[in-house]
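The following features are taken from Swiss-Prot:
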- S45, T66, Y258: substrate binding site (BINDING)
- D146, T175, D232, G257: NAD(+) binding site (BINDING)
- R208: active site (ACT_SITE)
- E237: active site (ACT_SITE)
- H254: active site, proton donor (ACT_SITE)
Amino acid sequence: MKILVDENMPYARDLFSRLGEVTAVPGRPIPVAQLADADALMVRSVTKVNESLLAGKPIKFVGTATAGTDHVDEAWLKQAGIGFSAAPGCNAIAVVEYVFSSLLMLAERDGFSLYDRTVGIVGVGNVGRRLQARLEALGIKTLLCDPPRADRGDEGDFRSLDELVQRADILTFHTPLFKDGPYKTLHLADEKLIRSLKPGAILINACRGAVVDNTALLTCLNEGQKLSVVLDVWEGEPELNVELLKKVDIGTPHIAGYTLEGKARGTTQVFEAYSKFIGHEQHVALDTLLPAPEFGRITLHGPLDQPTLKRLVHLVYDVRRDDAPLRKVAGIPGEFDKLRKNYLERREWSSLYVICDDASAASLLCKLGFNAVHHPAR
């Protein structure tokens, strides 16, 4: 049994070798010749999986180690009788922590308190729900918009996108990309929406590039609209609008979900799905794969205020480490993908062990996802 895996999927070689012969291949583009005798294909979001790639090939199963699936033609796979699995929620924690790292940086730079801001969350799936929970643990007001979930009657106080635009100080997008249909998200943030944002608002896109109309956004910024922008995703990736990058406050190369934990979850989820598909079901404990964190433990004295939270968050991950490299190489062919391929190891907040002498600080840090314990001062 021959299994092709994206060369940038961590732990894929070791895990899938339990099931068959593994060949690691680049994801963009997939070497077509390798598909001629392969039984399974494991990809990331950079690989377009469709009829033109797989027609006439012996592939029986496709797995994507990503939460999003807009790069996969699921309807064609089903029609062709090819098994499929994604990894929903695998990188949700990573994306939430990316948003926090960005907001805390902007808050420090611009001198505002996050506790005084209202955050509008567009898309309340695995990422949106976790973001809502962590913001509300801090007492930060959130507004939720998710028309598909609202129409299904899912639990939640869902509001219209227009209301979020009018009321939110921060608007952050966490939707799939739907190019048409009743829940179309292509250019959901169009020129009209962008111009309607509150003066001084923050706009964040960490889902799919085309959810925000990049041309319209650049037009608004060039005209002097007072707006802070965080973009991790771009229309036309791996190409991007260099002029737009110059205008945004934080720009990164589609790495919001790139924690080691998130990548490992993606790999293990598709591994478990494929093992079940072939009748040799196996399960993997994530902590058996991950290395020991580099931070060890730290001690925190007193309550948890915003500056202290910012220091803890940026100790684990400071978004500026990914902004600067992109600006240096933007516009050079191949460099966007190279930044992603050679991405420095990044961990989640749970890797940081915090000893607190304040019980409320320990409790709050645990709610936020840190590994915190309370030890009273002596």
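Note that Cβ sites are derived from N, Cα and C of the backbone, with glycine treated the same way.
Counted over every protein chain shown, other Cβ atoms within 10 Å are most numerous around D146 among the recorded positions D146, E237.
Close to T175 (NAD(+) binding site) in the fold, though at least 6 residues off in sequence, lie V122, G123, G125, T185, L188, C207, R208, V211, each with a CB less than 8 Å from its CB. Only H254, from the recorded positions S45, T66, H254, Y258, place their Cα within 10 Å of the Cα belonging to D232 (NAD(+) binding site). If you take the CA of G257 (NAD(+) binding site) and look 10 A around it, the recorded positions you hit from S45, T66, E237 are T66.
Cβ neighbours within 10 Å of H254 (active site, proton donor), excluding its own Cβ and spanning all shown chains: 23.
Annotated substrate site S45, T66, Y258; additional same-chain residues within 8 Å of its Cβ mean position, judged by their own Cβ, are R44, V46, A65, A67, G68, N91, H254, G257, G266.
For S45 (substrate binding site), the same-chain residues lying six or more positions away in sequence with a CB closer than 8 A to its CB are T64, T66, G68, H71, H254. A coil conformation is recorded for E237 (active site) in the three-state DSSP classification, outside any helix or strand. Of all Cα pairs drawn from D146, T175, D232, G257, which the record names as binding NAD(+), the longest spans 21 Å.
Considering only the residues assigned to substrate binding, S45, T66, Y258, the longest pairwise Cα distance works out to 12 Å. Here D146 (NAD(+) binding site) is positioned 25 angstrom away from Y258 (substrate binding site), judged by their C-alpha atoms.
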